[in-house]
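Summarising the annotation, TrEMBL assigns transmembrane segment to 15-34, 76-96, 108-126, 132-151, 158-182, 202-221. Among the features that TrEMBL reports, domain 'Peptidase S54 rhomboid' is placed at 70-221.
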């Protein structure tokens, strides 16, 4: 389920969003220029490895520097291939501009980084002994999506699902699109935990943690009166109750 656009126009230029996209793009281009060995080293040095945090003695024995705390930030600027990079930047482009509208550039950048921090700490909580590096902006962008859900539940999102290689296009309220998205993350995270598949590539709990962090922090960062298109999630459900015809 991939979003193509929403119907909420951005009010001001999204400088913060473009700064994030530009930095991620520059680092991804750098990663493309590295050899496999250099790329592996970069991932292990700047990716967040839970065991580096929870077992410092092991980390020193392996040869990691004791500066694991920097990886709580650096991990979110690395990506494991073009698809990982592109989908993250695409989701940020779809939802980020409208969230930045209600904060301003500086607040948006701080909010983004804090969502990424919340995401990786949530992942750490569920993978205390993992030696697999966590990389990617997915957790931070999940925070942007969580904020978007509370700010614009009434927005319309045009998306598509490829069914047997044929794209099926549809339009749904943001609350439905994002609700389905986070439900998939929760189901996948629980399933992976039950089957002990935490090291198989997707940090589901980072997505969940970032989403929750974004929802929890949005009111702290939102400028009063800055969002002319916003409504409350509670109001959306009132407007779309079963006693009325939905849009």
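Glycine too: its Cβ is placed from the backbone N, Cα and C atoms.
Taking Cβ pairs closer than 8 Å, the transmembrane segment (202-221) reaches residues 99, 102-103, 107-108, 110-111, 114-123, 125-127, 134, 136, 138-151, 182, 185-186, 188-189, 192 in its own chain, all 6 or more past its ends.
Only residues 6 or more beyond the boundaries of the transmembrane segment (108-126), in the same chain, are considered here, and those with a CB under 8 A from a CB of the stretch are 16-17, 19-20, 48, 50, 53-54, 72-73, 75-76, 96, 99-100, 134, 137-144, 146-147, 189, 193, 198, 203, 205-210, 212-214, 217-218, 221.
Put simply, of 15-34, 76-96, 132-151, the stretch with the most CB pairs closer than 8 A to the transmembrane segment (158-182) is 132-151. Confidence for the domain 'Peptidase S54 rhomboid' (70-221), expressed as mean pLDDT, is 93.
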